[in-house]
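Structure first, commentary second.
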Amino acid sequence: MSRTDDRSLLSALLDSWDRNNTILVNLLRALPEGGLDAKVVEGSPSVARMFMHIHYVRLVFVSEDAPEFAGPVPEGEWRNGRDRSRIADMLNESGKVVREAVKGRLESGKDMDLHYDHPILFLQHMIWHEGYHHGQIKLALKVTGHAFDDEKIGPVTWGVWMDKGRS
Ligand code: NI
């Protein structure tokens, strides 16, 4: 059976976003002690600030592109977060906001207001943006002597994409 019907595509698309968020939160939870303060070089943002930036970017784009789904946008873009479970809650929350914005705009047939011709482009942009910072976060840990063990981090990050029985 063809899988190009809209419902099937929408469900796979939203599944990809959910997996992306799961991977990000798994990375956060797997950080070693002191990992939130790691930086690639002096002057670059800490791991904590990168997670907070990702949360901020999600919410600011929804507020600019699909404001009917927006909640409050945090005051600063690169704030320092100290509490890992609080950051995880924030990411899960902003993940839902993005999900609802994309789903809502797709269902209503409306483009995004400011940056994108199609809601899917917004979702792809967020996944690309977060993958970019994911690599920076891992590099920051490596250069500060806190490198992840690939055998441990692989299954909760790369493995989530390739978990065939999950959805
Ligand atoms: Ni960024």
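In case you wondered, yes, glycine gets a Cβ from its N, Cα and C as well.
For the divalent metal cation site, TrEMBL gives HIS129, HIS133; the one candidate out of HIS53, HIS55 that the record lists there too is HIS53. Counting every protein chain shown, the number of other Cβ atoms lying within 10 Å of the Cβ of HIS129 (divalent metal cation binding site) is 15.
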